[in-house]
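A.B. asks: Before I ask anything, let me first share the structure, which is written out below as structure tokens.
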């Protein structure tokens, strides 16, 4: 049996731009991608904390150090610059792999600077 589980997330990131005329996706600062173990082209869920929107897209790598969190294409209509979002990636694990399961949670400040990287899910504290 396999289980689809939280793999990684960037929590409470601030939308820095919304580019309606781009093909699609979310552009994420390369440093944030590395911290969250995310990859170019990876499917992610986006949850907009401000308006409750939830949708899927894929990742494009942004410039390291840019603090980019830019929704592109149709997804740009689901956010406003300054909105808080959660970027969530899932992965499939076998029952045996779950014995050592530890997702990556990246907490950022209002300017998308990394505040904390943790692998613990403590009673709703980071989820």
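Even glycines carry a Cβ here, placed using N, Cα and C.
From Swiss-Prot, here are the annotated features:
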type     : residues       : note
MOD_RES  : 25             : pyruvic acid (Ser)
ACT_SITE : 25             : active site, schiff-base intermediate with substrate
BINDING  : 57, 73, 74, 75 : substrate binding site
ACT_SITE : 58             : active site, proton donor
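If you look at the structure here, what lies around each of the features I listed?
C.D. replies: Cβ contacts within 10 Å of residue 25 (pyruvic acid (Ser)), excluding its own Cβ and spanning all protein chains shown: 19.
Using a 10 Å radius centred on the Cβ of residue 74 (substrate binding site) and all shown protein chains, the other Cβ atoms total 13.
In the three-state DSSP reading, residue 58 (active site, proton donor) counts as strand. Sequence-distant neighbours of residue 58 (active site, proton donor) (same chain, 6+ apart, CB under 8 A from its CB) are 24, 25, 26, 41, 42, 43, 44.
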A.B. asks: Counting across all protein chains shown, how many other Cβ atoms sit within 10 Å of the Cβ of residue 75 (substrate binding site)?
C.D. replies: 22
A.B. asks: Which of 57, 73 has the fewest nearby Cβ atoms, counting only those within 10 Å, among these binding-site residues?
C.D. replies: 73
A.B. asks: Would you list the other residues of this chain near substrate - those whose C-beta lies within 8 angstroms of the C-beta centroid of 57, 73, 74, 75 - in sequence order?
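C.D. replies: Everything else in range on the chain: 24, 25, 26, 55, 71, 72, 76, 77, 78.
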A.B. asks: Which secondary structure state does DSSP assign to residue 25 (pyruvic acid (Ser)), in the simple three-class scheme?
C.D. replies: strand
